[in-house]
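The following features are taken from TrEMBL:
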- 51, 52, 53, 54, 55, 56: GTP binding site (BINDING)
- 55: Mg(2+) binding site (BINDING)
């Protein structure tokens, strides 16, 4: 398929079309994986006034459906609770 000096190579690694097709295939595959992960994700918008229990609802959902908190999260909650107690005692 060519004139005098041109040649056709099949599977040439330097072919820009094949390189672009491989890059496109990788991108398409990652998009499919992301779409599959997003399919299982539920988003919830909690609206409410301050101190109305929005964080408590989220913590309860995590306890019920994700098996609880990690050690790092527990340490953070302990620190937050202690700070809150100190602030309330000073008032």
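Every residue number used here counts from 1 along the chain in the order it is shown.
Note: Cβ is positioned from N, Cα and C throughout, glycine not excepted.
TrEMBL entries are annotated by machine, without manual review.
Quick caveat, the model's predicted, so the values are computed rather than measured.
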Check: same-chain CB within 8 A of GTP site center, minus 51, 52, 53, 54, 55, 56
48, 57
The correct three-state DSSP answer for residue 55 (GTP binding site) is helix
Who sits close to residue 54 (GTP binding site): which same-chain residues at least 6 apart have their Cβ under 8 Å from its Cβ?
46, 47, 48
Under a criterion of Cβ-Cβ distance under 8 Å and sequence separation of at least 6, what residues of the same chain contact residue 51 (GTP binding site)?
none
Ten-angstrom check, please: count other Cβ atoms within 10 Å of the Cβ of residue 56 (GTP binding site), all chains counted.
10
